[in-house]
Amino acid sequence: MYRIGIGQDAHYFEKGKKLYLGGEEFDIGYGLKGHSDGDALLHAITDAILGALAKTDIGTLFPDKSKENKNRNSVDFLNKALEIMYDMDYSIVNLDCNIIADKPNISSVRDKIIESLSRLLSIPKDNISIKAKTKEGYNKEDSLEVVCIALLQKMI
């Protein structure tokens, strides 16, 4: 049996923060504003997994009003979704993600992000797609958005 889920997240940029994408840290002078570390890619992946399982969402599991989640590493969120997934005897077949932003240049860090996700998700790099899209002027806000689709398969 297969299940498919979609996850989405968006954050504004904030100067002076480190940027976290896919569990990797980039010190480029700005990061993503958020209650946690702001890793929009991991947030979207987490929600895609939870959605495929027809379970709760990241905001319910880890409320942004909770002091416990302040500056929390988004890998914790992903690990909880993976725990739920494994408990239900599912595994990830593949992941397809779009990062929509005018900055940073995703093509220069894509391989590093895919390597990180491969390690975190325990799936081959060939099963992970990270695509960069620009906003084409439709939104002048200084932000980054991610949309991910996760395909899961029941383990035999």
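Placed from the backbone N, Cα and C atoms, the Cβ positions cover glycine too.
Mapped onto three states, the DSSP output places Ile58 (4-CDP-2-C-methyl-D-erythritol 2-phosphate binding site) in helix. Residues annotated as 4-CDP-2-C-methyl-D-erythritol 2-phosphate binding site in Swiss-Prot, with sequence analysis given as evidence: Asp9, Ala10, His11, His35, Ser36, Asp57, Ile58, Gly59.
What Swiss-Prot records for Asp9, His11, His43 is divalent metal cation binding site, and it gives sequence analysis as the kind of evidence. Other Cβ atoms within 10 Å of the Cβ of His43 (divalent metal cation binding site), summed over all protein chains shown, number 28. For the recorded site, His43 (divalent metal cation binding site), the DSSP three-state label reads helix.
DSSP gives His35 (4-CDP-2-C-methyl-D-erythritol 2-phosphate binding site) a coil state; it is part of no helix or strand. Swiss-Prot lists His35 (among others) with the feature site 'Transition state stabilizer'.
The site 'Transition state stabilizer' annotation in Swiss-Prot covers Thr134 (among others). Thr134 (site 'Transition state stabilizer') is surrounded by 11 other CB atoms, counting those within 10 A of its CB over all protein chains shown.
Between the listed binding-site residues, namely Ala10, Ile58, the fewest other CB atoms within 10 angstroms of a CB are found at Ala10. A distance of 7 Å separates the Cα atom of Ile58 (4-CDP-2-C-methyl-D-erythritol 2-phosphate binding site) from that of His43 (divalent metal cation binding site).
Its Cβ placed at the centre, Gly59 (4-CDP-2-C-methyl-D-erythritol 2-phosphate binding site) has 12 other Cβ atoms within 10 Å.
Between the candidate binding-site residues, His11, His35, the densest Cβ environment within 10 Å is the one around His11.
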